[in-house]
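Below you'll find the structure, written out as structure tokens, and then a few comments.
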């Protein structure tokens with residue numbers, strides 16, 4: 001047992017000694033010319049791929065020579081414009097826009113479901129509410145509130161309006177919406193409504209402030225321009241007026257379907273500015289996409305409720321309106337870049353050092369697939385303990401005194 005332990009200690013000592021002495025060894029690469037066409041083609045091809053990647057993708061596409069800013073300061077102002085005829089009524093922005101002058105979110109009412117003349121009182125609960133159907137008063141618990149229902153139960157079982165069956169009586173705004181609602185036709189004229197979107201963006205690092213409205217020397221001229229123009233990506237890129245029909249088309253949505261269910265559409269304003277060029281080239285691009293999920297048809301679309309209150313014969317009453325419409329969420333993205341020597345130097349050094357991967361790949365191919373007789377490996381790795389006084393020629397290589405060892409292995413070497 002003691003002998004085994006002694007051998008273990010001696011082996012551990014020798015290992016630590018060799019590791020310590022080897023730690024102070026110096027390794028230097030040796031140049032060895034291998035005249036193998038296959039290996040040469042692979043080497044130059046990998047070099048070409050690495051250089052092409054850095055020139056085309058890193059420097060030209062990603063502009064790695066620039067200092068960039070991706071979190072600009074932005075402000076958005078929106079305004080809905082348009083007038084529609086709805087029966088005998090004339091609707092303006094106060095009627096259908098929420099809010100009439102908004103920030104980065106604005107909605108437009110396209111269709112309404114109206115419940116007129118609701119008053120506080122008691123009436124029958126809707127029959128689709130859980131445990132609302134009854135045959136006698138004992139089926140209804142007094143004071144119980146179903147949060148999926150419409151109000152507080154009185155404990156009575158009453159006839160469901162003019163039907164033959166009965167439901168529990170509740171205290172709420174009567175009549176309930178599901179029974180007395182009136183569905184109005186869609187506001188199809190809204191397809192020509194326009195939304196005015198004013199956006200200003202500031203890149204504080206570069207002290208650059210830009211807007212999405214065309215500059216003009218006189219305010220009168222810009223007002224005339226804004227009253228007449230419609231956005232067009234090629235002809236009018238600085239016009240901030242967008243038709244709702246155009247927005248729906250760009251988002252690949254049918255306007256008639258939006259009138260039926262409503263929907264949320266994102267208006268993306270993208271600023272990609274190369275500040276090495278003239279500032280006039282820093283202009284926005286727009287994209288549109290439906291944001292709300294449509295997989296769950298029960299909750300698909302966009303709608304909201306609001307009420308108009310009034311007093312009739314001293315009794316507070318209200319008109320409940322369930323409004324379906326389009327909600328526009330304006331989302332701004334910004335990226336600005338400008339030449340800077342620091343990222344240029346870092347990217348250049350990275351490109352130069354990455355070319356070294358070509359040598360690693362070719363060495364691996366040479367030693368793994370080509371060097372069957374270990375001819376290359378014998379010449380690639382040398383261990384020099386003492387510096388020789390004179391060069392010793394061999395039959396496969398010749399060592400020159402240039403300061404580095406140079407070996408020339410041609411195709412004549414048997415593999």
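The backbone N, Cα and C atoms fix where each Cβ goes, and this holds for glycine too.
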Annotated range (TrEMBL: transmembrane segment) out of 22-40, 41-59, 60-78: 41-59
For residue 134 (disulfide bond), find which of the recorded positions 123, 140, 192, 282 come within 10 Å, Cα to Cα. 140
Considering only the recorded positions 174, 273, 322, which residue has the minimal Cα-Cα separation from residue 192 (N-linked glycosylation site)? 322
Spatial neighbours of residue 123 (disulfide bond), counting only the recorded positions 140, 168, 194, 239 and Cα distances within 10 Å: 168
Among 174, 273, 282, the disulfide-bonded residues in question, whose Cβ has the most other Cβ atoms within 10 Å in this structure? 273
